[in-house]
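One structure below.
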């Protein structure tokens, strides 16, 4: 029985789809003005694991994740680069897809772009105006009338009265109320714009997601996700817009993943304390980064540090060493392990608990390989199958154990040195054998001499 924590109700609930076995999920994606940082990677990986588990449980899932390809940040960066905004966004979208592929993230079923849904935004905004939830003051802008929506604040548990304290209308804004937010922005010189019933302009951020989600999934759908920094105001405003426009409940369940922190602060571009996924992958294998992101529960914050990445590498080394050198086999039934893994994942996608079960499996594989190689191989196959539901442990063990972060060690050179060492040992030239081992150690290579010969891996 799958249970998920719903930010809307602030409780863990038994998950029941709105329609039969169909699950429709929308997740807020990237604003594509720069390379993805590790905080974006956290959300990508979290909802990738959720996608994998929902499908494993037999749900007919439609997963939609949008791309925000018009925004103040995009315009500013394009101006800084002296390039058209769409040239910038195309480059960043391609880079995002490359990062995702390296982190073994499955593609969403649909990836709508904001600029492809301008007409739908016009239609929803006009509906809101017709219903009295929005107004056009005549300066090219259109605002949402927050005070008219009775349910405002129900997601974030904020009270309108409290929000008004200290709120003010900025110069140039034509709001009726400081809390009102923009749906359509009148055109400014030098900015991209689209024609509309209210003049040239471009959409506000919040209306983009309301339109893309309902266009792809319908007025009401099962799951809306994103980082917990989006809960307010973005997701709160989405609810206000969508439910006012359609007259129906918007998303049934809201899932929010925790942030990546550095010294207790959220990793973000605005704070300047971020590392791009690409920068981290220059030092660490992609699977190490993915494991770091799944080793904690998706709602918990993750503190970024070199120590935590080294621990993730060490954990994967233990797993792959357990899988190494075993023959192919059909997965063992391993009912107890399978049931406990499923129980963890059914408990609000508790990947930390699921990883604990995988460690127990790995220990049992290591115990069995000394006495019953076929049983060890079958259990290892089950370990690999379960880990695959988290998107890890799918490489050949030797390939992972011998892989640097971007090929920092030349495998051919290592193999040649190992062969030279074997020849030195055969000739009883122990001094040369020790010299070669010391050279390999200095390269970060660990040798393991066994009955089947010498294997190697990179040091933790």
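Counting starts with 1 at the first residue shown.
Backbone N, Cα and C define each Cβ position, glycine as well.
Worth saying up front: this structure is predicted, and the values here are computed from it rather than measured.
Feature motif ''KMSKS' region', per Swiss-Prot, maps to range 266-270 of the set 261-265, 266-270, 271-275. Swiss-Prot assigns the feature motif ''HIGH' region' to one of the listed ranges (8-18, 19-29, 30-40), namely 30-40. Distance between Cα atoms for residue 238 (Zn(2+) binding site) and residue 269 (ATP binding site): 23 Å, as a whole number.
Within its own chain, the motif ''HIGH' region' (30-40) is flanked in space by residues 67-69, 71, 73-74, 76-78, 88-89, 92-93, 95-96, 99, 227, 259-260, 266-269, 274-278, 280, 289, 304, which lie at least six positions past its ends and keep a Cβ under 8 Å from the stretch. As a whole-number mean, the pLDDT of the motif ''KMSKS' region' (266-270) in this prediction is 74.
According to DSSP, residue 269 (ATP binding site) sits in a coil region rather than a helix or strand. Listed in sequence order, the residues 205, 206, 208, 210, 213, 224, 226, 230, 235, 237 complete the 8 Å Cβ shell around the Zn(2+) site centroid, once 28, 209, 234, 238 themselves are left out.
Long-range Cβ contacts of residue 28 (Zn(2+) binding site) within its own chain (separation 6+, distance under 8 Å): 65, 66, 209, 225, 226, 227, 230, 234, 235.
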